[in-house]
Amino acid sequence: MPNASSWSASSPLLLLWEDSSGTRIFLSLLYAVLAISGTLSNVMVIYLVFSFKKLQTTSNAFIVNGCAADLSVCALWMPQEAVLGLLPPNSSSLRSAEYRLLRGGLLGLGLTVSLASHLLVAFNRYVLITKLPSVYQALYQRKHTGCMIGLSWALALLPVPLLPGLWTLGSAQSDGSSRYTALLLALAVLGQTALLLHCYLGIVRRVRGSAKRVSVLNFHLLHQLPFPAAPPPPRRAQRRLSSVSVLLLCCVFLLGTQPLVWVSLLGFFLRPAPPALQAASWLLLCSLSALNPLLYTWRSEEFRRAARSVLPRAEGPAAAPRQSAAAP
């Protein structure tokens with residue numbers, strides 16, 4: 001069995017070259033499922049927002065930005081991992097530094113913009129709920145929203161060249177630069193997570209403390225919150241429902257991001273984690289790219305209506321007799 005250094009030097013980022021081919025086949029199938037489901041869900045959300053005027057809101061602009069970034073992972077990077085997992089370990093494709101740089105760039109760009117979009121959505125909802133409508137309108141003008149989205153992509157291009165250094169994470173031959181790259185990644189994700197939790201927990205505190213304020217806000221973005229806003233349920237039920245919904249969103253996000261953070265910190269301060277644990281933490285982070293569209297739209301009645309209007313629906317058994325009876 002190859003050691004950690006050979007694993008990190010020649011394998012894809014998340015695939016382990018085990019003696020058993022069953023592991024590689026299983027991981028390849030997992031990537032294929034995530035790639036197909038993630039691509040379809042992200043494309044569907046983008047299509048719905050561009051096709052229905054009611055969905056063209058500031059909050060959804062940030063969600064679409066995240067979906068576009070997630071397509072870099074689901075539609076471009078994951079299919080390559082699925083195919084490479086079926087190749088022999090000594091394949092020339094795995095040893096090409098240029099090809100590894102391309103795959104690392106796609107992954108780094110997609111994940112960075114996706115995480116930034118999470119934060120933009122959370123901050124947008126935080127300002128909407130906790131600040132005055134005039135403050136929200138002044139901050140989220142069209143040009144300001146465009147600048148925020150453009151800045152998320154511009155900042156994501158900066159650390160892309162550093163990502164291939166993460167291949168040596170956990171290697172016995174890893175140099176100091178890769179260890180500091182892993183530390184930088186962990187601190188960036190940890191800081192982003194702290195800001196996101198601050199925004200959503202602030203929303204929960206405001207809703208629980210003043211359910212009446214939320215119910216009277218006549219704002220077109222209110223239905224984009226991770227809890228339903230109309231028709232308003234009884235105050236106690238509304239507070240309980242909003243808290244559970246936000247808690248679920250935060251738990252899914254923490255489950256996807258925090259394992260990689262602590263594996264990276266462990267490798268920097270103590271000793272490198274086992275390759276299998278590193279691969280599992282990366283897999284959880286990448287799986288968010290397939291889950292993000294559902295994470296932000298499953299509670300939105302507007303999205304459900306739009307999806308029902310475009311998805312094919314089977315006609316009832318009585319439809320055919322009615323049609324034949326109406327025919328001359």
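Cβ atoms are placed via backbone N, Cα and C, with glycine included.
Just so you know, TrEMBL annotations never went through curation; they're auto-generated.
Feature list (source: TrEMBL):
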| type | residues | note |
| --- | --- | --- |
| TRANSMEM | 25-50 | transmembrane segment |
| DOMAIN | 41-296 | domain 'G-protein coupled receptors family 1 profile' |
| TRANSMEM | 62-80 | transmembrane segment |
| TRANSMEM | 100-123 | transmembrane segment |
| TRANSMEM | 144-162 | transmembrane segment |
| TRANSMEM | 182-203 | transmembrane segment |
| TRANSMEM | 244-270 | transmembrane segment |
| TRANSMEM | 276-298 | transmembrane segment |
- Message: Within the same chain, where does the transmembrane segment (244-270) have neighbours whose Cβ lies under 8 angstroms from its own Cβ atoms, ignoring anything closer than 6 residues to its ends? I mean 6 or more beyond.
- Response: 115, 118, 169-170, 179-180, 182-183, 185-186, 189-190, 193, 196-197, 200-201, 203-204, 226-227, 277-278, 280-282, 284-285, 287-288, 291, 295, 299
- Query: In this predicted model, what is the average pLDDT of the domain 'G-protein coupled receptors family 1 profile' (41-296)?
  - Reply: 77
